[in-house]
Each structure stands twice: as structure tokens, then as C-alpha cells.
């Protein structure tokens, strides 16, 4: 992801369509339903970047969308500016949004509140977080409220994943290039929770959750995928250029998939263990709406 966008305060450190703990998202409506005349339909899908843990379980209690009812999503040309891609973690800071968007309202979405295992949502997997009717208008932000039942598992050991006291809301500004119109009145976006960069271990061994979350649309971004073998090299994949850095941990069969990639030219670096040689592939071309398949990379000692 975009390392230069790291703008959070320095205090402590944030598809298979199934949740890691067996929970499923609640869908109040479906695409076949007739959308009421005063409503739009919004579908939010949840995905994750790689993290170096067995599990990262986050407790999502509420999701709300901020809507400017005086405007429309139709024909939006606003694009997220540099430095404003990632969400911000706050306490109850709705007042700041009230000051910025006087004609907007918060609408709470229908979700299945509970625990989501982020590690089940990597390598191109996602899950339905919400599909709901919302008031007509321009979608300008999403607020995710986290609960206290967050934890991670590392090397088979479970650790609490703490929040900084009073900081349980994540606000994500939504721009026109981060939401897709499926058909008139129906919209869709993805929420990317960067697991690896969302966890911070402090000096006393305690883990804190400092979420890195962004919105994106698959059709506006590129995808890089392939296989890395053998898996006893424990490969860690980094896709990078001068502005972006993204990560992947291959599945047990060696497959990896990195999506939500901006157009451009990248290098793919594979960090290895067990005596295997690190490998770099240069000039990986990424185009919006397309999959760049690099085939199978065979590592050697």
C-alpha cells in the first residue's frame, strides 16, 4: 500500500466469502429487489492485505455511511487526492463531520456485528459486509465502529489486540473513483483492511490495533497474481514502485493475488528463508481493470 500516506498519529499502533469464525454478513436486500424511489442500494465488500500472523480477528460492531442528500452520486468526477487514501482512527468525532458537511446525515447499515478474521480475506478473497438501502444522495464517508473483542494469533498463541482508549471509530472519506455504479440507484465498493500495517507491538509485548483501511473499486484498479514455489522457502511477496508498496503471503499451494493496485510499473520482490535465494522481477506492468499474471516462479538455493 502507499507507505508515503502514513499519516496516523505516532501513538501506539490498524474472496472466500466466509468469515473465519463462521459468521455471515446479514443482507437485508438483494440486487433483484426493486429499489424504493427515495432510496439507493449500497453493497460493501470486505477484504484484506497480508499480515504475518495466524489470525487477526477484528470486532466490527457498527458501520454507517454519511450521505449528502442535497447531491447525487451520478456523474461524480472527484478523485481521492494524494495523502487522503487511508481512513483515520478517532473517538466520537462526528461533530467534525457535521461541521464539514452541513447537509449530510449518517445512516447506519444493516450488518452482522461480530468478529471477522482478516487472514481469511487475503489473496483476492472478500466477504459481504453489508447490502442495504440508504437514503438517496452522494456517499461521502463511511464510519466503522470497532468493539473490544479484537485479538490475534501468532505461532499458535492468542494475544489481545487492544484499542487506544476512546479511539474506536474509523472514518473513511469516499471519493467518486472509490465507488462503482452497478446499475441505476445501486452502488458497490470494497473496504480494504491492511492487516499487516494495522497491528503494532509496543515495548512491553502488548499488541495494539491502529487500522489502515481504505475504499476502492476493483474495476478502477489492477491485479497481480501468480504462484511462488516451493513453499518451504516461506516466501513473502512485496510489489512496489516509487509511491506504492503492497504485500502478499502465498496460500499453501503457492498462489498469491494482490488487487487494488494503481496503474503503473512495479517490481516484485520475493523474500525467502531456508537457504533459498531472494528474487526480484522488474517491469511488472499493471493496468486498471486487468489481471497481470506472472505465472509460476520457481525459487532456487
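Glycine residues also receive a Cβ, built from the backbone N, Cα and C atoms like all the rest.
Curation does not apply to TrEMBL; its annotations are automatic.
The shown structure was predicted, so the numbers you read here are calculated from the model rather than taken from an experiment.
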Residues flagged as region 'Disordered' in TrEMBL, choosing from 21-44, 45-68, 69-92: 69-92
Summarise the model confidence on the domain 'DUF4382' (41-211) as a single mean pLDDT, whole number. 83
